[in-house]
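Report on one structure; see the data block that follows.
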């Protein structure tokens, strides 16, 4: 009897041990399966994010590089056959429609809230006319500057707005700049000047003084409008960005309508609003409207370094395309200058002061 009792106890212990091992094996396999699932989900999410960043980067690069090319290409015999004020008006109207479309999508998904409704107070909407009129003047100058510069030179000189924006950040928003960023400003000036050197002519610089003055004025207007707009957005950070864009573009439409009446009223009344428009003109308008959307997507889905790389690649891509389309001469000075500009833009991006912890 004692022997049987001991034997039964040994059998029971063996069964218990097997059950524990079985349960342990199931737990381990379940844990491994869960970990594998999480890993694959994380990898899928990372891959999806990488694809989105790649698409946004490519879109911004193509839009930025083709902007100046399309403006130059839209000219006939060195002149614009269409009214530049109506083109500018069309850009603002299209951006308005795109903002409304994005808002309708938000309303369908999340409903109408205090932060995404279009109705607003006079105090909130009264701040938008200032950046709207600044952007209008800057965008109109963008057409006239091509009487003095070519597309690659424009892409180089356009980077001067980094300096104006940085200085205005310091003055208006009281933001400090690092030593690396100040050094980047000096490099940027040197790169822009080097790219414009003209050793085969009596004139030291390829771009005449009128072109430089217009580029500086455009940089100041763009910088001030950008800083002012950022101050407006940060005043109420919870406000839907599409609502803020809509009111900015509405005032842009109004001011461009005034510009049409002042500058091109007779031409529009006699020849029509879309007189002189071509397929290239329509592409140019689409490009200008989508560029603003692409920059917004970069800020939301990617990061500032993407914008830096896009700007740098766009300068070289514009130069290469201009060689085939406009017989642009790609000189050593331009290549070295654009390289220095790319480095300075990169240094300005990574040289931001980190907040104190």
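Just so it is clear, glycine is given a Cβ too, placed from its N, Cα and C backbone atoms.
Caution: TrEMBL annotation is automatic and unverified by curators.
The region 'Disordered' feature in TrEMBL is assigned to 1-20.
The transmembrane segment annotation in TrEMBL covers 55-74 (among others).
Marked as transmembrane segment by TrEMBL: 86-104 (among others).
Summarising the annotation, TrEMBL assigns transmembrane segment to 125-146 (among others).
Taken from TrEMBL, the feature transmembrane segment applies to 152-173 (among others).
Annotated transmembrane segment per TrEMBL: 180-197 (among others), in sequence order.
Marked as transmembrane segment by TrEMBL: 209-233 (among others).
The transmembrane segment annotation in TrEMBL covers 245-265 (among others).
Per TrEMBL, the feature transmembrane segment maps to 277-299 (among others).
Summarising the annotation, TrEMBL assigns transmembrane segment to 306-326 (among others).
Of the ranges 125-146, 152-173, 180-197, the one with the most Cβ pairs under 8 Å to the transmembrane segment (245-265) is 125-146. Counting same-chain residues at least six beyond the ends of the transmembrane segment (152-173), those with a Cβ under 8 angstroms from any Cβ of the stretch are 64-65, 68, 145-146, 181, 184-185, 188-189, 191-192, 195-196, 206-207, 211-212, 215-216, 218-220, 222-224, 226-228, 230-231, 311, 314-315, 318-319, 322, 328, 334, 337-338, 341, 344-345, 348. Through the fold, the transmembrane segment (125-146) approaches residues 68, 71-72, 75, 80, 84-85, 87-88, 91, 154, 211, 214-215, 217-218, 221-222, 224-225, 228-229, 232, 247-252, 254-256, 259, 288 of its own chain, all at least 6 residues removed from its boundaries and within a Cβ separation under 8 Å.
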